[in-house]
């Protein structure tokens, strides 16, 4: 049957990538259809019940700054919040939250069902409709044909997914759900370059069977026994408009236990039946979230590993033991769980398993995540070789935006590595590809001092507003914050403190020593031991500003002060990094000719020519980041392009040098 209504964008898959893609495309005014195998699993957290972390929290904040759903859904469902790296610099601080799975799903579904211009439909997709080299729709398993101008594939682990428990294995997209075998076969027919990856999940435990007295309690921030008592963090920049931490449901602690030598002996006894070691699993697993058997094998000298016991939600006793992801046979899982302190009588509710699945080489994508071979077909999420909810959500928003922009006839949105972690993620994928599931870290961003969690809105919300992603409510909150930060920064720079008018004892109290000469408040705030609150208390509060008070700004006051303080204390570093950004931008403006025959660039080594021919970078900057391409090779390529006088290149080069 040909469905009578046509759409602009079809999104296939309703996990973290698909939901953000569909919401973004609809917010940009495109008629959007979200196809899913089950409406009951919209936004499902397939593995751990948490959002955020180092690098990952930065992506969540960026999705939020662009009007995405993940951060607000986490605030509405989060049962524990923590700021990681709190004692370190602002560039690497990150928010992490435990979420109630059911509340999170409900929050996502509510947003999907209430988004204008977005339709939901429950059916698996088995085929894509093509006209020449362009996708024009999707076909479901019962033959319903949906037509559209763009299709975004966010199939997660469902493409030819196979679950492994010991020597047993069966086809599945995740536990209890069928894999997308037909769609995977269709993509292989299109000769898109692909491979196999794997991920895994631990056995789930009934919390009533755990002896919590034998475990170490780990309270969240703001909880009794945690840091910042009474001040629970929030994820979304909009949370302040909805009551801040009052949005959160009841807060719960996590708990910690440990593996031991007996645990490790049990695990080793199952190596001969582990699909990892018998060769049953072809896919490569995530380096930074290894299975427990992989940890015991690789780190044989370690006698113990931490295991975090994380509650799955308020309405269930189910517990997620973070740290023992495994595909070992169930009898080994049973023994290894019961070998740990507090878990001696643990009842396993669900066995752990590994799942391997198809992914497609992201180097075959254009900069906007459109496939090079099929026009109008976009990929996002684990299909691109990434791991993690946050990486998926960010890619989904990016692909959904660019699919919608293409339908509108607008230029693609391509954030740079200096603008967003999303830009780093996209650039890493399309230039370097993946050999293992890709996970975001702050260390991947060379300009991370500019790409902090706290300023994601200052970097991206105006961009989102121009595209149409950001609604009036978010824009009003952002504008108040932005304007207050600008006003207060200028006031601090323009307000001077004269030592003749300040008693030495008062100067010593706030500044640590008497002032030698006149300083602006901004200069004083740059000192390591001076904070904003202390500075505003100087001389009886003489220099405090009502505009930045909690009475004036409400809950926004804290984030405004944070921005002002970071701008002052890191001014020198930020300016230096801006210079690095400007130097790096030179190569990013030099677009390589689409039809350039690298085989004719004889000054390059054969290897370099082969690598560039395979990758087809779009700019000289992208080319410089490809593995195996040296600075010398870039210089030789630049000389070739100059001598060849390629159309558009010389003018761009001249502009860049001017």
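The backbone N, Cα and C atoms fix where each Cβ goes, glycine too.
Quick look at what Swiss-Prot annotates:
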type	residues	note
BINDING	13, 14, 15, 16, 17, 18	FAD binding site
BINDING	285-299	NAD(+) binding site
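Structure with Swiss-Prot features highlighted.
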residue: 14; record: FAD binding site; DSSP class: coil
residue: 285; record: NAD(+) binding site; DSSP class: coil
residue: 293; record: NAD(+) binding site; DSSP class: helix
residue: 299; record: NAD(+) binding site; DSSP class: coil
Among the binding-site residues 16, 287, 295, which residue has its Cβ surrounded by the fewest other Cβ atoms within 10 Å?
287
How big is the Cα-to-Cα gap, in Å, between residue 291 (NAD(+) binding site) and residue 15 (FAD binding site)?
23
Within 8 Å of the Cβ centre of 13, 14, 15, 16, 17, 18, which other residues of the chain have their Cβ, at the recorded FAD site?
11, 19, 20, 21, 36, 43, 154, 156, 381, 392, 396
Work through the binding-site residues one by one (285, 293, 295, 297) and name whichever has its CA nearest to the CA of residue 14 (FAD binding site).
285
Using a 10 angstroms cut-off on Cβ to Cβ distances, just flag whichever of 13, 15, 18, 285 is the loneliest among these binding-site residues.
285
Across all the protein chains here, work out how many other Cβ atoms are within 10 Å of the Cβ of residue 293 (NAD(+) binding site).
26
10 Å Cβ neighbour count around residue 297 (NAD(+) binding site)?
17
Quick one: Cα separation, residue 287 (NAD(+) binding site) versus residue 17 (FAD binding site), in Å?
22
Across all chains shown, how many C-beta atoms besides its own are within 10 angstroms of the C-beta of residue 291 (NAD(+) binding site)?
26
Distance [Cα-Cα, Å, rounded] between residue 299 (NAD(+) binding site) and residue 17 (FAD binding site):
34
